[in-house]
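Taken from TrEMBL as is:
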type: COMPBIAS; residues: 1-22; note: compositional bias 'Basic and acidic residues'
type: COMPBIAS; residues: 23-36; note: compositional bias 'Polar residues'
type: DOMAIN; residues: 95-520; note: domain 'Major facilitator superfamily (MFS) profile'
type: REGION; residues: 1-40; note: region 'Disordered'
type: TRANSMEM; residues: 96-118; note: transmembrane segment
type: TRANSMEM; residues: 130-149; note: transmembrane segment
type: TRANSMEM; residues: 161-185; note: transmembrane segment
type: TRANSMEM; residues: 191-212; note: transmembrane segment
type: TRANSMEM; residues: 219-243; note: transmembrane segment
type: TRANSMEM; residues: 249-268; note: transmembrane segment
type: TRANSMEM; residues: 316-338; note: transmembrane segment
type: TRANSMEM; residues: 358-380; note: transmembrane segment
type: TRANSMEM; residues: 401-422; note: transmembrane segment
type: TRANSMEM; residues: 434-456; note: transmembrane segment
type: TRANSMEM; residues: 463-485; note: transmembrane segment
type: TRANSMEM; residues: 491-515; note: transmembrane segment
Amino acid sequence: MDSEKGVTESKDFHTDPTKDGNGDSTLLQEQTNTSLPDEELHHKATYIPTGTAADLPQEHRDYLIKRHGTIELDPIPSDDPADPYNWPSWKKLANLVLVAFHAMMTTFIAAGIIPAFGPISEALGCSVTRASYLTSLQIAVLGWAPLFWRPIANRYGRRPVWLISTLGSMLFNIGCAKSTTYSSLAVCRAFTSFFISPAIAIGSGVVTETFFKKERGRYMGIWTLLVTLGPPSGPFFMGFVAYHVGFVWIFWINAIINGVQFILYLFLGPETRYIRRGISNRGSAFKQEYLSFRRIDPSPLHPREFIEPLFLARHMAILIPSISYSIVFGFASVLVTVEIPQLFLPKFGFNPQEIGLQFLGIIIGSIIGEQLSGPLSDWFMGARAKKLGPGRKPQPEYRLWLSYAGFLLAMVGLIVFGVRTAQAPMMHWNVTPIVGIAIAGAGNQIVTTVLVTYAVDCHLEHAASIGVFVNVIRSTWGFIGPFWFPNMFDSIGVAGSGGLMAGLIFIAGWVPIMFQQWMGQRWREGGKNGQVAT
């Protein structure tokens, strides 16, 4: 039972924040010799280096062997049942599903009204293009709101943030359902986006806080898959709602889902923020995980922390993958969701339900892509580690080979979508453009999982902040896109646009990743020697 340990004190190497498992003052040396901000150093205290395993107290070693069957773990957990690394698998997975579904709901809510742009424009007396800005607005808020939530979640824990997030989103979704003007609906949509936003960015940190390194590719893939499924699944399901009971029920259903999320978090969403060094973790495991609504991290909260993730741009292993991924996401996810009504409504005369069905392609493609990225990514790295021999691990750059298939699939899929949409006769729909969307969706999911996992592997100390930074880049690009996508279609046609997008993905996405793979290890090692800031 998780509550088997009534009172847990931090022992030995994690009682004194200046000592590691050998009793040496390595952490103190880090604080003296490094130029990293104090806040970043403090987050390193949530991990116990793998090298300390041989020097653990016997009681700690016995606990780990009993719980995990080995001490060859990366990272090394504490001997506290409340430590998320020591949770049973069902609890880790249940919590991950809740957080990943929460991340999906951020974009699900934003994109859910896409099939109803026509009815919304009629009800509010605005154009279809202006109605589409209700989605663009939420994308913009989703990009920047997590900058606020991240420091709060670091100090007071993830669990309070999840509860406040779902409750606030529920209330403002009710406000959306009650809105009768464009301006009131836009305001309620913005606040809904603000409250629902934390999981889309902090989720990557939750994966790192609960799963060992060898498992991260697979479980990071679950989170990234649901993030990717948000934009197409929202329109797919809500198209039926808008057609049969009216678009107002989209908001009521969103509110009901948020309420159910709140209840599930109460019972299945334990606290994953756990500091293993310099903090005495007191109380039963149950109390620590579910009832301790307190300040977990005692370090001072500085205003700079609210923009701290933006400074991750100095790390090439984070900046380049973030930009490359965002380019692919902007075309293979945002464009094919936001622009389908504006392309298919005049060409095929679809109703909201028929518009929603077009998103089935990207859902299927994303699921297939995840099967080719998450488990395969972990297997790929594991196979390389076996080949290198005991005690040697592959460099994170080795994982990037898998992203090449993702870039290629995204490019091919967008070309198929653009060409076949242009070739389709007026009022004669065929499935081939949706096949292109599915191919692009598979490529997008492969790129997503591989590049996000790579960035986290390179900078584990920034795991939670990486999600925030990636989200800022992705959402900002996603917000800008809908303002120029229609002009692109008008200027060079849908077929030409498919070719242009493929070219941009190659130049701005694939080529930089090739360069990162070539130079990444050198940059990181140079940074350790003070030569290059990576």
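From the backbone N, Cα and C atoms, a Cβ is placed for every residue, glycine too.
Note: TrEMBL annotation is automatic and uncurated.
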I need to check the long-range neighbours of the transmembrane segment (130-149): which residues 6 or more away from its ends have a CB within less than 8 Å of a CB in the stretch?
106-107, 109-111, 113-114, 117-118, 120-121, 124, 161, 165, 182, 185-186, 189-190, 192-194, 197-198, 200-202, 306-307, 309-310, 334, 338, 341-342, 467-468, 471-476, 478-479, 482-483
Ranking 96-118, 219-243, 249-268 by Cβ pairs under 8 Å to the transmembrane segment (191-212), which is first?
96-118
Can you work out the mean pLDDT of the predicted model over the domain 'Major facilitator superfamily (MFS) profile' (95-520)?
88
